[in-house]
Amino acid sequence: MTALVEGLKSIKKPFLITILIVLILGSGLPFVTSSYMLRVLNIAMIAYLCVLSVYVLLGMCGQNSFAQAGLWGVGAYLTANMTLKLGVSSVPAMIVAIAGTALLAFILGFAFFRLRQYYFTFATIGLMTILNGLFMNWTPVTGGALGISDIPPFQLFGFTADNETAKFFIIFLVCLIVNVIIKVLFHSPLGRSFMAIRDNELAADCLGVNSLLTKSIAFAISGALCGAAGALYAFLSGYLSYQTFTYQQSTMYLIMIMLGGTISPAGAIIGTLIISLLQEWVRPLQNYMQFIYGIGIMILMIIQPEGILGGGKALYEKYIKPRKRSPKAE
Amino acid sequence: MLDVKGLHSFYGTIEALHGVEIEVNDREIVALIGSNGAGKTTLLNSISGHVTKTGSIHFQGKDITKLAPHKISRSSLLQVPEGHHVFPGLTVEQNLLVGTTAEKGIRLRAGDNRELLDMVYEIFPRLLERRKQLAWSLSGGEQQMLAIGRALMGKPKLLMLDEPSMGLAPLIIDELFEKIVEINKNGTPVLLVEQNAHLALSVSERAYIMERGNITLSGKSADLLHDSRVTEAYLGKQKKEQEN
């Protein structure tokens, strides 16, 4: 028991310190960056939540989905409809968006996960196509091709997040909370079941892991993350268009996590930041962007299939860790 | 304890088992012997719910014939599948902790598993040494120990081992089988599938011989070791040695 408690403590302390440092550094960001850059960061953080949803599903549970941008859209349109048409205030609307998207993912997961491995992935491609079709054509709910505009910004206790800095803090806070939740999930029996399924589904079955239910829960959690991202996006942008929630965007999330590395949420941060900032820095080259991505992904998969984080970890274990150890051994 | 009657198993339209009947009693090690393709693994997979079948399977008086695999595991009937099925990306200890799912189901909060872990580490001290290592870095023998230890975490009332000796060096096999006997002495009955007939017969009380999806022979292991039909088919080498 004591060893277990110690183990948990050793995990938690550095993590809490990291969270604290990120909190302090992050809080300073709005005061040193331009409002344009802040906008870029806000959108990047929303993308980060979606990339985390891929981390839970692919990195932890080993299931690949191309429907994440669609689920993101579901969260966004739910929020827009709740606030605009039903006059619900921000927080309950966000909760409904999260719960609704999670529920949708759970039910679909229960159906889809009767299919194994890449058959699930194919099913999600179908789901993405259907969702995008709905966003484009279901005019009473999604505004059709015109989209929905004038979504009110986030409000709580009379405070309105109508400027970029306020929006930054709200999204930043949600990102931090989500990170803590993911960390707890990682060390929970549920998270271990995800990883057991990822590593060896047959063995997991033999140990009493209900793989259908467990995978559906993983999909639901990833849906909840997309739902939260969708709600935040609706508050941030105030305008939703079907052109935002596309198959390409789903692919982009996968590229982000593959670039960063699927082994931990840190990979999601690295991948999201690099791609989001890259899009800004090389804006003049935009016409060639798809080309650069394509080549970049191929090179990455050949040289370092575990992403930047995996590569960094390998280097650390090869060069730095042995040096650290040797004085002790002597 | 385990009572299998009239078991027919199917892969699609192909019938793989033709009315198999076996039983395992309290505190026994029962061996299941047969050559490649005799249906030993199919029998275990049928019992654990991974293969389509007809017939009846009762475990501790309860009918488990129609239960889903995870429900069968949760009634404390645990299978260690053939090959070294560890979770390579998890540490040894995480691997063991997944084993508690069998008893407790899907939960968010970790309970106190220290006692169970200590029990497993006591049987397999090597796992304690390697508890923080990722499972892929273990040797074949250690992976097999981990797979068995992980099943023990689910507090099995019956442990089904599928070819634990597969691909291991003779010395490691001896060590592993000592551990299996030890686990059995602690009170867990074992259904042991083995190709190595001599080894299986020497550690078990009773044995079934399988051929082409049927049980062709059964009895006390000590008797079977000297039964001419067994020695000819499965212990051929030793018989020749005796004749010489």
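From the backbone N, Cα and C atoms, a Cβ is placed for every residue, glycine too.
Any TrEMBL annotation is an automated prediction that lacks curation.
Note that the structure is predicted; figures quoted are calculated from it, not measured.
Within the chain carrying the transmembrane segment (A:15-33), a Cβ under 8 angstroms from the stretch's Cβ atoms is held by residues 41, 164-165, 168-169, 172, 176, 179-180, 183, all 6 or more beyond its ends. If you look up TrEMBL, you'll see A:15-33 (among others) marked as transmembrane segment.
Annotation comment: TrEMBL describes A:40-60 (among others) as transmembrane segment. When Cβ-Cβ distances below 8 Å are used as the criterion, the transmembrane segment (A:40-60) is approached by residues 29, 33, 68-69, 71-72, 164, 167-168, 171-172, 174-175, 178-179, 182, 185-186, 191, 194-195, 198, 218-219, 221-223, 225-226, 228-229, 232-233, 236, 252-254, 256-257, 260, 262-265, 267-269, 271-273, 276-277, 280 of the same chain, each at least six residues removed from its ends.
Per TrEMBL, the feature transmembrane segment maps to A:91-113 (among others).
Taking Cβ pairs closer than 8 Å, the transmembrane segment (A:119-148) reaches residues 63-67, 69-71, 73-74, 77, 80-81, 84, 108, 112-113, 239-242, 245-247, 250 in its own chain, all 6 or more past its ends. Among the features that TrEMBL reports, transmembrane segment is placed at A:119-148 (among others).
Here TrEMBL flags A:168-186 (among others) as transmembrane segment.
The feature transmembrane segment is assigned by TrEMBL to A:217-240 (among others).
Taken from TrEMBL, the feature transmembrane segment applies to A:252-279 (among others). Tertiary proximity for the transmembrane segment (A:252-279) is limited to same-chain residues at least six positions away from its ends with a CB under 8 Å from its CB atoms, namely 40-41, 43-44, 47-48, 50-55, 58-59, 64, 66, 68-69, 179, 182-183, 289, 293, 296-297, 300-301, 306-311, 313.
Remote same-chain residues near the transmembrane segment (A:291-316) are listed as 255, 257-264, 266-267, 270-271, 274, 282, 285 (criterion: CB distance under 8 Å, separation of at least six residues from the stretch ends). What TrEMBL records for A:291-316 (among others) is transmembrane segment.
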